[in-house]
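Q: This is the feature table in TrEMBL:
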type	residues	note
BINDING	G13, A14, G15, K16, G17, T18, R122, G190	ATP binding site
BINDING	T34, R39, E59, L60, V61, G85, Y86, P87, R88, Q92, R151, R162	AMP binding site
Amino acid sequence: MSDHRILLLGPPGAGKGTQSTRLAETYDLDHITTGDALRANKEMETEYGTPGEYMDAGELVPDPVVNEIVVAALSNADDGFVLDGYPRNLDQAEYLSEQTDLDHVVFLDVPEDELVERLTGRRVDPETGDNYHVEFDVPDDPEIEERLVQREDDQEDTVRERLRVYRENTEPVVEHYREAGGLVEVSGEGTPDEVFERIRDVVEE
Ligand code: AMP
């Protein structure tokens, strides 16, 4: 078992997706992201309704649905993983602790006003899944720029609700790992390269 079982925590818009993609590529890890898995299954019927009903409102998808995604992904991740977007509440954190140990818990810290600006300006390339920003990261290729779309849940009202849900449900998870010891806080401000260097220092220390 590798010593690269990494949990990346942080509010929506902190850069977890960008940074965990880089970590997965750099260290050849499985990238386990509940957000992407749920987006690919937005219309799936479950006994709680479809994931999309919760996601478009900025609410959490019920625990049994996300736990099942995570346990299946973990069972294939023998050479290490980076977990992104899970756990988002204390029950999920408890469930995770029954499934695996973690080697690194990294918290990406970004002030709230910057999160709103990042999320409402975010645009996604539907063909590649790559993220851009209307102001800070415009694609060079006008063809890509033309096909960019906004995630349904990146509209301002939903962003505010996602941040509220984060404060209510996920901040206690951050506190839980902080109290348990071993949580390392990294500034998520600056360029993606700068942030990645900070995370790499933590993972390699
Ligand atoms: P993300 O791409 O991580 O921002 O997730 C987008 C949306 O997917 C969230 O706003 C939730 O509705 C849902 N989601 C992702 N991960 C979880 C999770 N661990 N628990 C519950 N809902 C989740």
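Placement of Cβ uses the backbone N, Cα and C atoms for every residue, glycine included.
It should be emphasised that the depicted structure is a prediction, and the values quoted were computed from it without experimental measurement.
Neighbours and distances for these, please.
A: The DSSP secondary structure for T18 (ATP binding site) is helix. Long-range neighbours of T18 (ATP binding site) (same chain, six or more residues apart, CB within less than 8 Å of its CB): N131, P192.
A coil conformation is recorded for Y86 (AMP binding site) in the three-state DSSP classification, outside any helix or strand.
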Q: Given the binding-site residues K16, R88, R151, which one has the fewest other C-beta atoms within 10 angstroms of its C-beta?
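A: Each of the binding-site residues K16, R88, R151 was scored; lowest Cβ tally within 10 Å is R151.
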Q: Less than 6 Å between Cβ and the nearest atom of ligand 1 is the rule; apply it to the binding-site residues G13, A14, G15, K16, R151, G190.
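A: Near ligand 1: none of them.
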Q: How long is the line from the C-alpha of G17 (ATP binding site) to the C-alpha of T34 (AMP binding site), rounded to the nearest angstrom?
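A: A Cα-Cα distance of 11 Å.
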Q: Taking the Cβ of V61 (AMP binding site) as the reference point, list residues of the same chain whose Cβ is under 8 angstroms away and which are at least six residues distant in sequence.
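A: Long-range Cβ contacts: T34, L38, Y48, P51, Y54, M55.
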